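Working notes for the structure below.
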């Protein structure tokens, strides 16, 4: 049991592991293009979503099917009858461990994935645990950057929007901290700045970063613009929300000020932060990014299960 | 992308295409009887139901499995977390396109399937878009008629019930308009008559039809009785509803006035419009009709995906 | 159709059938350990859950996948749109019969499984019908006992908790009634005693049993302690509930008074009736028991479908 490979948080990866994973994901693109594989035939993934996240769930389920495996699961904690009857997460995990070969879990509580991994007899992949982490999102973000540029070392990356509650920017920061000479711009309204614990981590790893609320000032000098959503409910009034969110909309005008090689990413779904006129711009990489999630997840599932059973 | 084969509405089919599809569906019956095929192994269907329709969904999912393929999906728009967060249908479709090989979509809005097809990079099959169309239902209806009689040309077909809001009778009319010398009886209470746009389409195609509220008068001279539900909420009062719906119940008495070869169809579910005593009558074809949906959907999936990947 | 093999209730099994089934389940453990089988490839299971029971559903779906088959289904009666529109259970079953090869049904009404089997053209497995039966749970319970001891004849088995509404203890009693010289202790608070109809059945079969509310008195002399939940809502007041349920908690102290070979079972989920300190005791068999459900269900699916299609 001690040898199980879990995916719990973005900090667990070394640079070597990341590069190996990205190479494997690249391989998976070829596998999908040539019709998938039966490498995981007979294996079962359980998708245990205590909170709905249809896109993430479908991406994992697609990954398992593209690998030839099967999927069982549930989409709704409220419907997980055992939880209603007072069952602990630990008991649920112990039992589901007996039904499948890998658990993909989404939960509302920070640390839930770690608790699950502690009692599971099969690998656990964290598909988001509340305000905690969402490591596979960060991996696909970083994979997209490496794929678009061929490397990550030395890139200037702006993360824009709600940097306090947007867990993807935290996890992505931890991933990027493995690379040499990256420069991060944390661009946000004052009330949703990047948290101190993230900054401390970056400091420890010797990563340079700047905090600012001025996207325009840095637009011309960045390689990656990682846009995120800003949620209305974080602001004291609608006026302040609109003032804050309006400043960061990626539209044709902003695109004209980005570099020719700068790419635009977004974890999606978007809700106005990137206007549709941007979609056809070759620098708009957010739809490629979504598909990259499939390849990264295939590579992760292979890593958890081992590629060949025979 | 321009070569993608979508199934969006009943009007898109020519007679040749219909006959080819029906022949393929016949072939699928043999495939199922002999244990299914692995022709679509490695391919993935996404069932994207923004409105529950369990029977239709199960029928499509069964079709994909009988073909050896896999299925991912969601049953409930309210749970499609991205939609809740304000994602457009177009963005959802763009992303799901990257996870699978064909999308089967049910939506509440007229025209939703066409909007999806516009941005999808994989085929889209319309499994019902609000008050719009439900082409695969119409195809299985027509397939059932052709299977029972061996042909459709020249048949007399009565559609009974709510002809205003029952979209299946609209789609079926469009399909039948491809055939020679058919005669349609639109039989309904006055307040839920067949819409003008359907009649105009039939006029353009030179299809003969009669509108009446008198099922008894035509019962003896029709080949097909296509019964549908009448919904209470369409009527100003319960009394008027009961008066109207009571006139069209298919029971043993009515069966005695139908011809010996006349068949009875219903898109199901039924709720009293056909009494259970009719179930054992050899002219009751509505349960065969339901199973025929499987064969038609298998043939459509093969048409969308191409039969052989190897 | 008369030859279909349904699993409807615990009383349907003879001792020979049980022993054969348990042997087959043992075989399935080996199959799973060696990576599963494709024996049921091309076959489809429909899981029709009119009431959520995630654990039971996942266990059946896992069983089908481990056998190489596919699964379609629905988790929620409220979402089964046809039922909402007034469709009878019989019509639903008739149609689903055309989409798959075996139906696993959970329903809220006693007798629902029998009604389904009456009209189904494929085998029906009862996964719980209201306050009625839950035969596959009883089979996995009995299988666990036989596996742990190597036999069932002659064992002393205590069933503890809510014996009135806990349907698993009824179904398990019917299974055990096939064995020689078993002794059952029905241990419960006065207001939730084992029902008369169960006792009559045991009397007819010549099975010895004792009713008592005193677990401590028999703890030292039993081979199996089958613990169940006691539901608050069965008691007139919280005080009476706490007094009753508190008497039957299996904790370290109680374990010290059980025999060295005595095993502890629980259908799970638990909610305090067995404390976590018991989990590491080698006599705690309830997590093995949960996994045994997979093997029993694989054996049952094979029995319903026949092992080889080719």
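Yeah, the Cβs are placed from backbone N, Cα and C, and that goes for glycine too.
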TODO: Among B:38, B:106, B:115, find me the residue TrEMBL lists at the same carbamoyl phosphate site as B:55, B:56, B:134, B:137, B:268, B:269.
DONE: B:106
Task: Filtered B:55, B:106, B:268, B:269 - binding-site residues with C-beta under 8 A from chain C - done: B:55, B:268, B:269
TODO: Could you break down the residues of the domain 'Aspartate/ornithine carbamoyltransferase carbamoyl-P binding' (B:6-146) into DSSP helix, strand and coil, giving a count for each?
DONE: 71 helix, 24 strand, 46 coil
TODO: Take every residue in the domain 'Aspartate/ornithine carbamoyltransferase carbamoyl-P binding' (B:6-146), average their pLDDT values, and give the whole-number result.
DONE: 92
- [ ] Kindly report the helix/strand/coil residue split of the domain 'Aspartate/ornithine carbamoyltransferase Asp/Orn-binding' (B:153-301) according to DSSP, in that order.
- [x] 62 helix, 25 strand, 62 coil
TODO: Would you mind listing, in sequence order, the residues at least six apart from residue B:56 (carbamoyl phosphate binding site) in the same chain with a Cβ closer than 8 Å to its Cβ?
DONE: B:106, B:127, B:128, B:136, B:137, B:293
Task: Which of B:106, B:167, all binding-site residues, has a Cβ with the fewest other Cβ atoms inside 10 Å - done: B:167
TODO: Give me the Cα-Cα distance between residue B:85 (L-aspartate binding site) and residue B:134 (carbamoyl phosphate binding site), rounded to a whole Å.
DONE: 28
Open item on the list: At a CB cut-off of under 8 A, do any of the binding-site residues B:56, B:229, B:269 come close to chain A? List them or say none.
Closed with: none
Task: Between residue B:134 (carbamoyl phosphate binding site) and residue B:167 (L-aspartate binding site), the C-alpha gap once rounded to whole angstrom - done: 7
